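Chemist: TrEMBL feature annotations, pasted as is:
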TRANSMEM  A:12-42  transmembrane segment
TRANSMEM  A:54-73  transmembrane segment
DOMAIN    A:72-280  domain 'ABC transmembrane type-1'
TRANSMEM  A:80-98  transmembrane segment
TRANSMEM  A:104-120  transmembrane segment
TRANSMEM  A:161-180  transmembrane segment
TRANSMEM  A:216-239  transmembrane segment
TRANSMEM  A:259-281  transmembrane segment
Amino acid sequence: MQPSPAPSRSNLAGWLYVSPLVLVLVPFFVAPILVVLAASFFATDGFGGLTPGFTLASYVEVLHSALTLKLYLATIKFTVLTWVFTLIIGFFVAYFLVFHVRNQLLAIGLFLLCTVPFWTSNIIRMISWIPLLGKEGLINQALLAMGVIHQPLEVLLFSDLAVVIAYVHQLTIFMIVPIFNSMARIDKKLIEAAIDAGASRFDIMRLIVVPMSKSGIALGTIFVVSIVMGDFFVVKVMSGGGSASVVSAFYEDVGVLQYPTAAASAVLLTLVLVAIVSLILRTVDIRQEITR
Amino acid sequence: MQRVDLGMKNDRGDIELAGVCKSFDGVTNVVDGVNLRIADGAYCCFIGPSGCGKTTILRMIAGHEDPTAGEIVIGGQNVVGLAPVQRRTAMMFQSYALFPHLTVRENIAFALRVRGQSKTDRLRAADAMIEKVRLTQFADRLPAQLSGGQQQRVALARAAITEPRVLLLDEPLSALDEQLRVQMRQELRRMQQELGITFIHVTHTQLEAIALADLVVVMEQGKIKQAGAARDVYAHPHDRYVAEFMGGQNVLSGRVEKVNGASFTLAQAAPDGIEVPLQARPAVSVGDKVDIAVRRDDVALVRPGRDLPPGCTTSLPSRVLAIEYQGYFVKVMLDTVPDDEFVAYVPEKTFFADPFTVGDVVTATWATGSALPLA
């Protein structure tokens, strides 16, 4: 690098390059986080009024509550189940699109088809499960008509099962897209070379496709995990109020004007998520996915 | 995996292609009725412009493509429909197709791994092969950390580790720069001799083919134009296409003016026509349109008015269009024939004893016996 005669000017150029990102990140990400962080240390008068200061009382309260652990366990259960199903479905859909659809136009068409559910709002998509899973829903009626069951299944709707179904329905696309992306970059010649070496379909999947899709899987995992862990709406609607998640708890806190506890819970959740994401990034190097 | 070759282990790597056709769209044949015999342990080069079907033939022998018609026989066994493993062929892919997430050692051991060999066995075998291709110090690197030449050696080792009876190489040198290409060319030949198996090598570089191959197969539009020893194909091209593709020849065409026993005379710009010995060509009759080839290094250039060298009867008056110094010879381009390129390769010392300049008028001539009639 040439020594710059006017370092201040090149500095200015550097700042100009990052300024659009800074302009977005500071007001919409950094500032709210700082506000939440500050609020978590404030005291409250119990009626929504905050007293500036520094107290760890909210954290103590959150960490001492048995409810917190229960909520985290419930949330992690939803997260793991959703992750497993979205991963399995997402991986095979991507695999099919990349390796079995010969016609590229058709592959792109099918890929776009995966996004069709997203043309309507989240709420509509969830509500549309009711006529299917409800007590008088299609599934129950069909099973009753076939004589498989004699009582409608209650477990289908407003249950943990319904929550997981709704999550998988919503979030599989977040697995498909990054996995599709990294799979599409696998040179077809590698598959041929593996066949030439005598590899079976399963060997190719195990030794070539999965390891080479790792970054896509990691990226999809980050999306799914952070969305599920940060959600309360799906749990609320699909469980019919029967289940709760970490976020639904601090949503309740906000409802009863307990801002500092809500803020402390939010900070805690952010830390947990940061830990999970950095764990994922440690196991899989996703830089190649982002840079290329 | 089924083991079909147990008990009838056959190491013969001779190949026979009988009426092999391949069509991808059902209309045009990319490979069109190819018949060829390749001896066991031969180094065979397929050469032709891109799209001539040479790679398709290679892929059909490898088992990555099925012929639409015809038989492919390896070691006496028709292998059409068999998997590459059952054929005991191995392919080295263009740009190598090394597994980017596996180290050199794992890449080379891959075929043994999927064959279910134990880890210690396969790593020992891989290390022996790594030594053979002189990559020991790079065994734990990833392909991306290697140079082009090293990657090529990994690809070669990966293909050779299963002890195939035929090794198929798809443009193995095209990803390398010129100097490395010449070096790796020798390495391929050395490996082939060391392994003692049949190599089939697809290339579009004439020099590569004639430098390496025992058998050169020149292709055009899905058909074999000529197959033979390198020297045969270069010095005795069968027709205009082969002569022009292999290079080193001037091709002239004209009508037969008269036939005189073992030779005939071709009407041309030359005052007395061009006398051409018939050689192996079936008889021609007066009025036939005939192509002939004259090697560029057989052409002598004489200043007008001087005597022709002994044995030369043809004299074609020409003008020098361009001169290129090539080191041990000088390439002199002439306007001798109206439609075709005409070039003389003059030895450097001869040229500089009496150098021509662009625009000089010269007489192009050659020993009568060196003109070759083409089919």
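Along the chain as shown, the residues are counted starting at 1.
Positions of Cβ are set from backbone N, Cα and C atoms, glycine also.
Bear in mind that TrEMBL entries carry predicted annotations, made automatically and left uncurated.
Please situate the listed features within the shown structure.
Modeler: Within its own chain, the transmembrane segment (A:12-42) has Cβ neighbours under 8 Å at 50-56, 58-59, 259-260, 263-264, 266-267, 270, counting only residues six or more beyond its boundaries.
Away from its own ends, the transmembrane segment (A:54-73) comes close to residues 40-43, 244-246, 248-249, 260-261, 263-265, 268, 272 of its chain (Cβ-Cβ under 8 Å, at least six residues beyond either end).
Long-range neighbours of the transmembrane segment (A:80-98) within the same chain, counting only residues 6 or more positions beyond its ends whose Cβ lies under 8 Å from a Cβ of the stretch, are 107, 110-111, 114, 164, 167-168, 171-176, 179-180, 183-184, 186, 205, 209, 213, 216-217, 220-221, 224-225, 228.
Remote same-chain partners of the transmembrane segment (A:104-120), defined as residues 6 or more beyond its termini with a Cβ less than 8 Å from a stretch Cβ, comprise 93, 97-98, 169-170, 172-173, 176, 180.
Long-range neighbours of the transmembrane segment (A:161-180) within the same chain, counting only residues 6 or more positions beyond its ends whose Cβ lies under 8 Å from a Cβ of the stretch, are 78, 81-82, 85-87, 89-91, 93-94, 97-98, 111, 114-115, 117-118, 122, 125-126, 129, 133, 155, 213, 215-217, 219-221, 223-224, 227-228, 231, 234-235, 237-239, 243, 289.
Listed by sequence, the residues of this chain that lie at least six past the ends of the transmembrane segment (A:216-239) yet keep a Cβ under 8 A from its Cβ atoms are 75-76, 78-79, 82-83, 86-87, 90-91, 94, 122-123, 126, 129, 157-160, 162-163, 165-167, 170-171, 174-183, 210, 245-248, 251, 269, 272-273, 276-277, 280-281, 283-284, 286, 289.
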Chemist: Which bits of the chain, at least 6 residues beyond where the transmembrane segment (A:259-281) starts or stops, bring a Cβ under 8 A of a Cβ in it?
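Modeler: Residues 33, 36-37, 39-44, 48, 50, 57-59, 61-63, 68, 72, 218, 221-222, 225-226, 229-230, 246-247, 249-251, 253.
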